[in-house]
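Structure first, then comments.
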Amino acid sequence: MLKFIQNNREGTALLAILTLFALLGIIDRNYFSLQTFTMIFSSAQILILLAIGATLVMLTRNIDVSVGSITGLCAVTVGMALNAGFGLVASCLFALLVGMVAGFFNGILVTWLRIPAIVATLGTLGLYRGLMLLLTGGKWIEGLPADLKSLSTPILFSISPIGWLTMLLILAMAWLLGNTAFGRSFYATGDNLQGARQLGVRTDSIRIFAFSMNGVMAALAGIVFASQIGFIPNQTGNGLEMKAIAACVLGGISLLGGTGTIIGAILGAFLLTQIDSVLVLLRLPAWWNDFIAGLVLLGVLVFDGRLRCAVERNIRQQKYARFTAQAIISDKKPTVSDNNPAASNKKKAAL
């Protein structure tokens, strides 16, 4: 059972989502509807985008805790560019470029300067957050044009253009990681860095690419945030890094690298967003969200560690059981002298 759960984390997350849907459907019959599903998906888009980027980084056995700050910085970038008179496309592209540069800088710190990822990104978390506050003077950005809001306006099947782009990115990343040699390089890098290098994998390039794409996904999340609410607070992005990591771990992405899928991370993000909707349904204050996210992350990490230890212990027991069985069989196996009395008599005579 434990081995099944360990090997089917995506299915476990999906089962948890369906179970929660069923329970909430019993409490409120209007909850179980297509409208509710699309509403949760719309709310989950920011976390889904962050989970996609975090997956790439975590697969390489690294972690990035600066994505919340990058999200806020890029949201401020697109807002300031729009208020300065730039077009929507140019402003969004500029924000994506800022996110990519921020992620690339993280990758340089980790890959070339050999700074541990958690230490490097803790530093850039403060750096990017401080830069965001310097640009805004600690004030909110308001008065954004209506064009930005249109990105989150439903157009087809109650899904916005950003929603369709998010689904396209999910499919593209799932295909990339599961069906290409480049995608498998992420798993190889995280599973065994030295072994991957000996096989010809450009591990430094893979890790820098992972951090850069993480920055791009954070920038896109910042654009989604600005388009959904129509203004940019001075604390945009706070706490999102914890939720992104929690979503990935919940969906089966290992902190030790080399294990997990994009689909699992997406299901984890969807489940966390669904939990937030439960808090709204129960009319709990908004500040419970971070507490619940931290509690879920801690619980999943403890469960994941205990589950991994139990599976490894079970595998060791099976190995030792086979070894013991083979030893017993070899001890009971008759020798040549036992089957041949004449050979036994000759041996005794020789003695």
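Every residue, even glycine, has its Cβ placed from backbone N, Cα and C.
Swiss-Prot lists 14-34 (among others) with the feature transmembrane segment, giving sequence analysis as the kind of evidence. Residues 158, 267, 270-271, 274-275, 278, 281 of the same chain sit 6 or more residues outside the transmembrane segment (14-34) yet have a Cβ under 8 Å from a Cβ within it.
Annotation comment: Swiss-Prot describes 39-59 (among others) as transmembrane segment.
Listed by sequence, the residues of this chain that lie at least six past the ends of the transmembrane segment (70-90) yet keep a Cβ under 8 A from its Cβ atoms are 46, 50, 96, 98-99, 102-103, 128-129, 131-132, 135-136, 141, 143-145, 147-148, 215, 218-219, 221-223, 225-226, 231-232, 235-238, 240. Among the features that Swiss-Prot reports, transmembrane segment is placed at 70-90 (among others).
Taken from Swiss-Prot, the feature transmembrane segment applies to 93-113 (among others), supported by sequence analysis.
A Cβ distance under 8 Å defines the sequence-distant neighbours of the transmembrane segment (115-135), meaning residues of its chain 6+ beyond its ends; these are 57, 62-66, 68-70, 72-73, 76-77, 80, 102, 105-106, 109, 234, 236-237, 241. Feature annotation from Swiss-Prot assigns transmembrane segment to 115-135 (among others); the stated evidence is sequence analysis.
Swiss-Prot lists 155-175 (among others) with the feature transmembrane segment, giving sequence analysis as the kind of evidence.
Under 8 Å from some Cβ of the transmembrane segment (213-233) lie the Cβ atoms of residues 42, 45-47, 49-50, 52-54, 56-57, 64, 67-68, 70-79, 92, 95-96, 98-104, 106, 136, 140-144, 148-152, 162, 240, all in the same chain and six or more residues away from its ends. The transmembrane segment annotation in Swiss-Prot covers 213-233 (among others).
The feature transmembrane segment is assigned by Swiss-Prot to 252-272 (among others), with sequence analysis given as support.
Among the features that Swiss-Prot reports, transmembrane segment is placed at 284-304 (among others), with the record citing sequence analysis. Tertiary neighbourhood of the transmembrane segment (284-304): same-chain residues 239, 242-243, 245-246, 249-250, 254-255, 272, 275-276, selected by CB-CB distance under 8 Å and a gap of 6+ residues from either end.
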Legend entry - Contact set, same chain, for the transmembrane segment (39-59): CB under 8 Å, 6 or more residues outside the stretch: 67, 71, 103, 117, 152, 159-160, 162-163, 166, 169-170, 173, 177, 186-187, 189-190, 209-211, 213-218, 220-221, 224-225, 228, 240-241, 243-245, 247-248, 251, 253-255, 257-262, 265-266, 268-270, 272-274, 276-277
